[in-house]
Amino acid sequence: MFEATTILGYRGEFNNKKFALIGGDGQVTLGNCVVKANATKIRSLYHNQVLSGFAGSTADAFSLFDMFERILESKKGDLFKSVVDFSKEWRKDKYLRRLEAMMIVLNLDHIFILSGTGDVLEAEDNKIAAIGSGGNYALSAARALDCFAHLEPKKLVEESLKIAGDLCIYTNTNIKILEL
C-alpha cells in the first residue's frame, strides 16, 4: 500500500536553537515501474510554521493535505489541536477512512504521524518519525546518526534518506528537504 516513498521528519535542538526538518525522496512507483524520479512529497503549511510530508496514494494524500491545512488554519497554527481535530473528522467520514495515505506533520515543538485509519501517533522520542516503504531504514539511520554522529540536522536527514534510498527499491536518492 505505501510502496512508493520515504519521508523523514526530524525536530529538536542543535547549538541551542530549535529546528524542524522534513525530507523525502522523489520516486513515484506504479506497480513495478518507476514513473517519476523527482516528485515533491513534502510541503510547508501555515505561514511556514508547519512541515508535512506524505506516503501512499497521491490523490488521497492531496485530499488529506487540503483537509489538514483547513483545520490547521481554523486552529491558527496550533499543531496539537489540529491533529486531534483532524483525527476526529477523519474517523467520522467513511470516505476518508478508506484513503491509502499517511502523513508526517511537525513544527518546532511536536512531530506526529497521521495514519491511514485516522490514528495520530506522536513520535516515541518526539524527535524523529518516518513513513513509507523506506521509513524503517531512514528511521534507524536517523536514530543512530542522532545518537552518535552529531551532524547538523539537515545533513542528518539527507544521509538518513540516502541510506534508505540505497536499501529500498521504492525509494531513490533524489532528496528534497524543507526546514523551519
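Numbers here mean position along the shown chain, with the first residue as 1.
Cβ atoms are placed via backbone N, Cα and C, with glycine included.
Here the Cβ of T5 (active site) has 30 other Cβ atoms within 10 Å, regardless of which shown protein chain they belong to. Residues or ranges marked as active site by Swiss-Prot on the basis of sequence analysis: T5.
Feature annotation from Swiss-Prot assigns Na(+) binding site to G165, C168, T171; the stated evidence is sequence analysis. Counted within 10 Å of its Cβ, the other Cβ atoms near C168 (Na(+) binding site) come to 21, all protein chains included. According to DSSP, C168 (Na(+) binding site) is assigned to coil rather than to any helix or strand.
Around T171 (Na(+) binding site), the C-beta neighbours below 8 angstroms that are at least 6 residues distant in the chain are T5, T6, D25, Q27, G132, S133, G134, Y137, L161, A164, G165. All protein chains considered, the CB of G165 (Na(+) binding site) has 22 other CB atoms within 10 Å.
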